[in-house]
């Protein structure tokens, strides 16, 4: 799949995960960006601590790479409790979930990533666990089967998803706290890049941090990945110090431009501009023109371009915006103006 090969893919790459854990902030005081989320969570956590209660169940949603897992771990650290981590696809049977729930200590956190991918049978078991701290388990099979209730300690479920709209209403309604993570501002990303450089022992100046941040598509995971690649460049082509000039040279070499676009982003936009006169163009024709699958365009390439105002989806098809023309140094056609 194209997403796995892109330097600017927001999804986690397996070999990155251990390093990412090392540079993640551990407490809210180290957590930069998402100001409203941070302020609200500070209040909710402090209130729960003062009452000696488990924090309400938390749903965190937003695009990949914005720190949902990081925030879940911070919540557990701030509450002074353990966290058990799993994901929706892993919980295939009700017994898988029951094994996790029955091993929780009071006020512990159970973090379920990709919670929108829970199977219906597992989700049914989760409802009474979230609402009443009870677990209904079927023992035996056939006519001899019977249900038993197990009492659970008060716990906090934190669910993370990139697709909040895919959650069922009964599940969504059981979360007392719902937080949406937004793309990060360049200033906040630059701070994150600087902190990561400190943790990794890198020499990085403020201008270098900003150069990396502005090409990171508003996503901390991408920013940290770009930092590691720029570090390689600085060590081999320079004295190891990362300045804005070194960062720009490295990222240009890696084909990540000053808007955070790679070859595929540019290919998509230029196809609309050059082959379809700026659009509108249907996604099937666009897929044929650039040699990609329709699903790749819709799920991988388009979201960031639309969010940043370079592309519009209309009932008649895709349109390149004036901002897209400006990015390529082209004149916007009159009908677009």
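Keep in mind that glycine also has a Cβ here, set from the backbone N, Cα and C atoms.
As annotated by Swiss-Prot, ATP binding site applies to 23, 24, 65, 68, 69, 70, 131, 132, 133, 174, 184, 221, with the evidence given as sequence analysis. In the three-state DSSP classification, residue 69 (ATP binding site) falls within a helix.
Of all Cβ atoms in the shown protein chains, 21 besides its own fall within 10 Å of the Cβ of residue 69 (ATP binding site). What Swiss-Prot lists as Mg(2+) binding site is 69.
Look at Swiss-Prot and you will find 313, 318 tagged as DNA binding site, backed by sequence analysis. Taken residue by residue with DSSP, residue 313 (DNA binding site) is part of a strand. In this view, residue 313 (DNA binding site) is surrounded by 13 other Cβ atoms within 10 Å of its Cβ, with every protein chain counted.
The annotation region 'Large ATPase domain (RuvB-L)' is assigned in Swiss-Prot to 4-184 on the grounds of sequence analysis.
Swiss-Prot lists 185-255 with the feature region 'Small ATPAse domain (RuvB-S)'. Across all of the region 'Small ATPAse domain (RuvB-S)' (185-255), the predicted model scores a mean pLDDT of 94.
Taken from Swiss-Prot, the feature region 'Head domain (RuvB-H)' covers 258-337, and the record attributes it to sequence analysis. Residue counts of the region 'Head domain (RuvB-H)' (258-337) by helix, strand and coil are 44 helix, 9 strand, 27 coil (DSSP-based).
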- prompt: C-alpha of residue 133 (ATP binding site) to C-alpha of residue 313 (DNA binding site): distance in Å?
  reply: 44
- prompt: Can you tell me how far the Cα of residue 65 (ATP binding site) sits from the Cα of residue 318 (DNA binding site), in Å?
  reply: 26
Query: Between 133, 184, which of the binding-site residues has the fewest other CB atoms within 10 angstroms in the structure shown?
result: 133
